[in-house]
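Q: So that we are looking at the same thing, I have put the structure below in structure tokens.
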């Protein structure tokens, strides 16, 4: 039978004795099962081996998500016994293994993989299910192509940050606690992007908020860290309240929390809701509530005081039905990109400038969703992860070498002392501003182009604000480079005497991120 021919596994009666999972037609397990047909009854050992192989592959999918949780648990409960080095090695190794498994899993489902007829959308690994009464909650890890892209981004960037943190935190006596906190978002973000139901998404959503609070408040004895964490918590709660109301509204309307069922039923006409003598379209209200949840996590206008990661495109089929919700999303994203960029030009703190640039880029992702180009939004999210991680790690190298000084006005003239870090910061900044041909150019340019060709008021509004934001982004990016590296030095003599460029363990992650900031956009643009 030629490769790629649909194959029906229902005739494999002997497979039912092994309680094998039902397989999609033309799956990656097709060839082993065809070999299974040709076997005789004397080859039962081969059948057991095949069953173990299938279980191993399913186990790999689970390990992608749960290895970071294992590392965080070991660091949290046994960090005092493992010590700083032992905790760092364990957490970094487990997150790196998760990244490697993500690459293997992506190869299994990517177009052009070994079996051309793979149908990744249909393949799922069921962990367990429980249900009582009217609510049956399947807890799944589904593996379509796009979600494996997100898994690669999350796990690979996280593994590089773990490797960087080993040297960055080696003098801190509480580094085991830091490594414990650092692995938490690497568990909850895959939970968020792989879930096939609203409750699993909400679990990952809450976990990401918890992780951001713990990391912000790691140095809880510092007044500024304590204030930032206190400010982050109510913003998170507002977003979580909106998301919870949106999930409750979807359950009220569709009587399910399963995404596939909701998207299948979304095309059916629905009645409006009457509230306070105001007629509200059910889809519009639900989508705006879900967007409020994204506002709290992705630092959109109204909550732009903090800037964690965003994941807005999970409910894209539902957002296509209420045009009012898309207009709101487009306008909010465009205003966020503009206001965050204008705020960034006034900042003097090195990390604050990069943080506001993150907020501005998240605005681009949001208004890309508002103009119904969700894949482009994810593309920009992936590209942004590489060059923004490079900028943050490079800023950390400068701050680490300058005795924790973060004010750019007290730096200057560091290009000669930090040639490697200056080169990394320059690459990240060029990609951030959309300079032709680094990674950021391929996604930011497409977003603005699509907004311009939308030929609607909201599209033109997003295009002009996004274009002006590009100018402000270029201004504060080069201002950061000049104040930190090129102008005459304004730093203290003791800082210049002790300053040094990034050591090898901190340089390796920066080099890998620089490669991604230069070439990932070109390689993934097709």
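Each residue, glycine too, has its Cβ placed from N, Cα and C.
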Q: When TrEMBL marks a stretch as transmembrane segment, which of 238-260, 353-375 is it?
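A: The listed stretch tagged transmembrane segment in TrEMBL is 353-375.
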Q: Using TrEMBL as the reference, determine which range in 178-195, 484-501 is annotated transmembrane segment.
A: 178-195
Q: Pick from 59-79, 122-142: which range has transmembrane segment per TrEMBL?
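A: Spelled out, TrEMBL records transmembrane segment over residues 59-79, not the other listed ranges.
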Q: Is the transmembrane segment (420-441) in contact with the transmembrane segment (59-79), using at least 3 Cβ pairs under 8 Å (sequence separation of 6 or more) as the test?
A: no
Q: Under 8 angstroms for C-beta pairs, at least 3 of them, ignoring pairs fewer than 6 apart in sequence. Is the transmembrane segment (504-524) in contact with the transmembrane segment (321-341) by that rule?
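A: No, the transmembrane segment (504-524) does not contact the transmembrane segment (321-341).
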Q: Where DSSP helix means H, G or I and strand means E or B, what are the helix, strand and coil counts for the domain 'NADH:quinone oxidoreductase/Mrp antiporter transmembrane' (314-462)?
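A: For that range the per-state counts are 114 helix, 2 strand, 33 coil.
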Q: Let me spell it out: take the transmembrane segment (178-195), skip the flanking residues so only those 6+ beyond its ends count, and list any with a Cβ under 8 Å from a Cβ in it.
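A: Those are 64-66, 68-69, 71-72, 75-76, 79, 87-88, 91-92, 94-95, 98, 140-143, 147, 150-151, 154-155, 158, 161-162, 165, 169, 172, 201, 203-208, 210-212, 214-215, 218, 309, 311, 314, in sequence order.
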Q: Report yes or no: does the transmembrane segment (381-399) come within contact of the transmembrane segment (321-341), defined as 3 or more CB pairs under 8 Å with a sequence separation of 6 or more?
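A: Answer no: the transmembrane segment (381-399) and the transmembrane segment (321-341) share fewer than 3 Cβ pairs below 8 Å.
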Q: Should anything in the same chain at least six residues away from the transmembrane segment (145-166) have a Cβ under 8 Å from its Cβ atoms, list it; otherwise answer none.
A: 64, 68, 88, 91-92, 95-96, 98-99, 102-103, 105-106, 109-111, 120-121, 175, 178-179, 182-183, 185-186, 189-190, 193-194, 311, 375, 378, 381-382, 385-386, 389, 393, 396, 505-506, 508-510, 512-513
Q: Pairs 6 or more apart in sequence, C-beta under 8 angstroms, 3 or more of them: is that satisfied by the transmembrane segment (461-483) and the transmembrane segment (201-220)?
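A: With fewer than 3 qualifying Cβ pairs, these stretches do not touch.
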